[in-house]
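Enquirer: Encoded as structure tokens, here's the structure I'll be asking about.
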């Protein structure tokens, strides 16, 4: 059977599913049931403000990104124009790059549109019942999940067909390297989306909390707080558009890495169906996720958290079974990569390893960030002696939480490599994100319910409505932590696979160049150029974190000043008789995010290009490895410290001390510190490590031909 | 000229200098000038309490360490007993190990004795003048500085003579590997000293601050605070004994690394004078430091900070000049290591590079941690919006501050390697700590003046006395930060050199084994066993930090409860009519430190042994590299975040807001979080990376012969 056709059909199925769910959400009439006219008008008004703010930001962000895309396209075109060969890598890579970038933008836009419609409709549905509200939030998330996977799969297979049809004579591994431009495009947009969105959302959040909760003692999402609309807009731009682009990037990049490495095996290069196996795994996740989504329901008194977790378990189980048949049916019985003989069952095991390791990492993440378990309870206790001990315990918890995920990753890396070389690692990465449609649905569900709660509060809907949205939101928080675990794990494997693809590619290229080229057959750890790169690379995630954290801090400072000003200068604001100027706060977040996302973005994109050009492939390999290993640990730590502080605060609000107590004040400090860690710098590190690896891969030939100018001086 | 003789003479000079300075300090009569009888009695009483507490802790700590030394000696003896050769490496390595450990204990003991005599005498001298008080504190530090360097140099040269005389026929590189046991011994003691001392001092400090300053609003070192004696004891056990052992370890290890690598060059192995060149550098630092110490003076209105910094500059300048002659006179004109030809001027340049890079790293550290510059001022501003933004800014500052030191280290690594291979890196490490006698003097000066201030406060000496000790203490804080920068930089280079020595050693050993042995000629970065080790290693500094930070948090919690209990249950304590039970607090810190230092200690010592045994040399090499690169960045960040928070608080106390203001409260939270980062986990990471590398080196032959049992299963 023809793999391309199957992938296209499943891709279209994914898009159709997304459209179906979108229709279900949009058809709900805001204000149809319950609530008085005034409440319903307020509901619409607030939703419109959030939607406008979010879309306005997105459009302005995309304008900046468009500039960047143009710049990168020119760069790719110029640097990859190798006059020695007939195949113009520059042109094809540019096409792939622009496609990836535009599809990523499109995904973000679609996700955002539906999320800003879904939030108010979830609030609306919460007037009647928990199960209805759950379904609306879930459906909104599913639009994002299925839409994005469908676009990714269709984009990749479309380019694959285009490239192979137009270049029948060009070796597949060279074509696949051009295809990797798609991943680069997707991930570049993701970087700006994550960083910009992350700065936006946390500047608003921290600013709103510091004045509203801490100084004025008014509740979260209180309509009197001028930053509250910006805060809700932030949930959409950071957690929906940013995260969507991030996972889109992971899917595209892991696939590209597997395709590049796979294409070096002649048995695969000559057999499109077997070559496209990595993409088939992603595609097979689509029907699996669709079946899973039928089970998404919650009884009125049921556990939302259980329902969401069940989604992950069901989809994992279905994919695991489907994988068996897909592998048996589409994969060649055995093939060679280098000197290694790889059977289809090696392949199957490697993918499954990734799939289940992802689940386990998710569990560990939950253990460290949910207040049902000991670690967060210890953080809660530490709040008894104040903010300082809370911070110390939370930081220690984050560092501690990296142990099991790292050990799991090491096991996956070693075993999948023994089974199928670097191809095995790339496949394990794809296995980990094969349930991405469900993963994204659940991830996007979170901010939608969070927003629904905010809207219910601002529109002053009844307490039972707010209770229902709180219930939805709480479950979303737990699954968000699990999702972050997944995202980091898959980013680590993806980067390693890309890294391997990069090395494979440069080794081939340097062999083709023959005499005079740098010998790249080994990347010796103790070579000073490699080790220097390693140490330098290990520092990059830290400086990147520093830049993004400080950006949040600076933007939050501006926000605090504006909010304080409004409380001081607008008479009647605190009493609720006058309206705050929401738009000013939205503006502050927007311009801060756009301004502050540039420097860290350039750092990530230019570091590999500059280092590769000046110091050559070996230093660059060191840099990638260093950034990868320190980045993984820092990303896990940042995400889990932040998650734990958040949940420790929630626990204190409900069970210990309560709001306004000294313990709660200490907990709020931790939560505020955790915000940029878990929602800005931590998740952005994922993209940092992936993006540096794929940049290196895309420019591999350039580095081999022209890189290492300083290195030459010492020869 | 005979190098051994020169080293012995200079080593004895160092000991004589230490004795001379010790005599000057001890001769000062407490209570001789100024103050009434009651004040003087209180002075003696408090000093006695601190001294008793410190000595009691040290003795109990050494009892635990003695157990550990016995265990390790047996392990070394058993694992290194290679029946195939005549030379019993186990016995010689054990001898070197025990010598190193005992000399390290002795250094700590001597330093501590004099520091607990120096503190009260500094307070006494501060009654008359700043310059007198400065000189007493400086002299106390010098006893530590010169004593320790003298012992290190004499110990190393003594063992060298013993080993070479008894084993004329054994190849030098094998003898030198046994000698490395000396470094292992020194560093093991350092680990427990640093971790135990660090937990002790910060549990007491955080506990004292949280109740005293924050809850009760009484000043630091107020005699009513029950934890205040423990706090002052802590300064001695953490900052004097712990840090002394740390730098003793660095000196011993860097020398051992250079000796092991140097001995693989036949031109050096056959020429003891040239072979001992690394030790000569350390020895030549002794007269250079002695001359420098003559310039240590401060006018009554002069700047203490300038005087201390001048010490570093003068000693660096003298050593640089002396190096030129030492290299010219003692080094062979050129020699081969592997295929590399190395001239004496390559050698000179590599050492100088280390020497000046150390200075630069110190400067950068100062820039990021002194409130005279922009970074700390930004942290100060961030306190306006509360504790959370202070923490965010401080963490970001720490991450940021790693950039320049990392780049400097990369430059030193690459250039010194180009000049003289891995031997060059080892020599650069020695260059960086060649002024160690002065460095240690200044480092030890800090806690002595800090203690002097505490004693002055507790004995209720006049305000002008306290002003003088505050002045001394403030300068000590700045130079302490500089010293930490040095310590981390030299630890990084030392570990890399040890790592290289380990690889050199295993390669030789596997060649000697011939057929059947694992091929170790390359450590390929992309080998999954190497990369797995790299990722695992990168996680180790984080888990180690987590363990030590949590230990401090736990112990501080106990301390807080005890101090609160005393304030509640002892009537008249707050009014100053009753005395607190100081001893109970000393006890809490002591037992917490001894209990909590074991797990992180075992983690560091056993990780390389277990990984090497189970997964072989390649995984272990990955582990060492991973721990090194992530450890360096984390150590620098932790130290500088902590230093910046401390100084931001000091600035607010003096210039902005003042004590008791909201800004100050926010700053105190940062300072408390920074305490374990800068004084427990951060500095202990130095030892972690060095100790894992030297453990690997010492057990190198064992790993080659018997390591990799799990690896074998996959063959």
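Any Cβ shown, glycine's included, is placed from N, Cα and C.
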Enquirer: Any idea which of A:24-42, A:43-61, A:62-80 is down as transmembrane segment in TrEMBL?
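Expert: It is A:62-80 that TrEMBL annotates as transmembrane segment.
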Enquirer: Around residue A:480 (site 'Determinant of potassium dependence'), how many other C-beta atoms are within 10 angstroms of its C-beta?
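Expert: Taking all protein chains shown, residue A:480 (site 'Determinant of potassium dependence') has 25 Cβ neighbours within 10 Å.
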Enquirer: Which residues, given as numbers and ranges, are at least 6 beyond the ends of the transmembrane segment (A:597-615) yet have a Cβ under 8 Å from it?
Expert: 64, 68, 72, 188, 191-192, 195-196, 199, 529, 532-533, 536, 540, 543-544, 547-548, 551, 623-624, 684, 687-688, 691-692, 695-696, 699, 702-703, 706-711
Enquirer: Checking distant contacts: for the transmembrane segment (A:92-115), what same-chain residues at least six beyond its ends satisfy Cβ-Cβ under 8 A?
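Expert: Residues 18, 22, 25-26, 54-55, 58, 62, 65, 69, 72-73, 76-77, 80, 140, 143-144, 147-148, 151-152, 155, 159, 162-163, 167, 175, 177-190, 193, 236-237, 240-242, 244-245, 248-249, 252, 444, 447-448, 451, 698.
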Enquirer: What does DSSP say about residue A:480 (site 'Determinant of potassium dependence'): helix, strand or coil?
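Expert: Reduced to three states, the DSSP call for residue A:480 (site 'Determinant of potassium dependence') is helix.
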Enquirer: Do the transmembrane segment (A:345-365) and the transmembrane segment (A:684-705) come close, with at least three CB pairs under 8 A (pairs 6 or more apart in sequence)?
Expert: no
Enquirer: Need a quick answer: max count of Cβ pairs under 8 Å to the transmembrane segment (A:422-442), which of A:174-192, A:310-333, A:486-504, A:684-705 is it?
Expert: A:486-504
Enquirer: Using a Cβ cut-off under 8 Å, which residues of the same chain at least 6 positions beyond either end of the transmembrane segment (A:174-192) come close to it?
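Expert: Those are 61, 64-65, 68-69, 72, 76, 87, 89, 92-105, 108, 152, 155-156, 159-160, 163-164, 167, 242, 245-246, 248-249, 252-253, 255-257, 259-260, 262-263, 498, 501, 505, 597, 601, 604-605, 684, 687-688, 690-691, 694-695, 697-698, 700-701, in sequence order.
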Enquirer: Which listed range (A:136-162, A:275-298, A:310-333, A:620-639, A:684-705) shows the maximal number of Cβ pairs under 8 Å with respect to the transmembrane segment (A:486-504)?
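Expert: Selected stretch: A:684-705, with the most Cβ pairs under 8 Å.
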Enquirer: Near the transmembrane segment (A:620-639), which same-chain residues lie under 8 Å Cβ to Cβ, leaving out any that are not at least 6 residues past its ends?
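Expert: Tertiary neighbours of the transmembrane segment (A:620-639) are 365, 395, 398-399, 401-402, 405-406, 409, 481, 484-485, 488, 491-492, 495-496, 499, 502-503, 523, 529-542, 545, 607-608, 611-612, 677-678, 681-683, 685-686, 688-689, 692-693, 696, 703, 707.
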Enquirer: Sort out the residues at least 6 away from either end of the transmembrane segment (A:136-162), same chain, that have Cβ-Cβ distances under 8 Å to it, and list them.
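Expert: Residues 4, 7-8, 10-15, 17-18, 21-22, 24-25, 28, 95-96, 99-100, 103, 106-107, 110-111, 114-115, 117-119, 121-122, 124-125, 179, 182, 186, 240, 244, 247-248, 251-252, 255-256, 259, 276, 279, 282-283, 285-286, 289-290, 293, 296, 436-446, 448-449, 452, 472, 476.
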